[in-house]
Amino acid sequence: MSGKSLLLKVILLGDGGVGKSSLMNRYVTNKFDSQAFHTIGVEFLNRDLEVDGRFVTLQIWDTAGQERFKSLRTPFYRGADCCLLTFSVDDRQSFENLGNWQKEFIYYADVKDPDHFPFVVLGNKVDKEDRQVTTEEAQAWCMENGNYPYLETSAKDDTNVTVAFEEAVRQVLAVEEQLEHCMLGHTIDLNSGSKASSSCC
């Protein structure tokens, strides 16, 4: 186990009011503010953690969900290692907009291989009683759009918040491991000048 910390940039994306700032603040500071205002532009917080023996510094970027802040938030997508697509289970429109957020991120982050980029989907505010999106609907969307992990969270009562960010780290590490395996597999036989066979990628 290496003592060197890996810096990972994670972006929280979703409609305004779904609780992105609250999730970030709950995870980093373990506080919840029911009177929190909408984010203007972007803000970020760091947290150090250890996941499966790897030391990681998670740089969590919270973005403004309103359309009028699009030009402020999109430059910060570049360099992201993972994207947490977030909706509120009591707001059906925020769920239906997930595909738009996914496309916006892929375009502005200039993702080269969208099929293998680590997205995690969060259904937030599960503490609310008047839910408009079922667990099954959300899971089906994840399966259809990239087989993404789906977690239901609540920043208010701290349901699955830590689990969600740790899952983001695991997804990034899994992709990195796969890439390393691919690179090792694509070796060149110097005698023949041809690439050795590889079952990867």
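Cβ atoms are placed via backbone N, Cα and C, with glycine included.
Residue with Swiss-Prot feature phosphoserine, selected from S34, S71, S94, S194: S34. Here Swiss-Prot gives motif 'Switch 1' for one range in the set 31-42, 103-114, 175-186: that range is 31-42.
Checking Swiss-Prot for motif 'Switch 2' across the ranges 64-78, 124-138 points to 64-78. Taking K20, S22, S34, K156 as the binding-site residues under consideration, the smallest Cα distance to D62 (Mg(2+) binding site) is found for K20. Note: the Cα of K156 (GTP binding site) and the Cα of S21 (Mg(2+) binding site) are spaced 11 Å from each other. In this view, K156 (GTP binding site) is surrounded by 17 other Cβ atoms within 10 Å of its Cβ, with every protein chain counted. The CA atom of S21 (Mg(2+) binding site) is located 12 Å away from the CA atom of K125 (GTP binding site).
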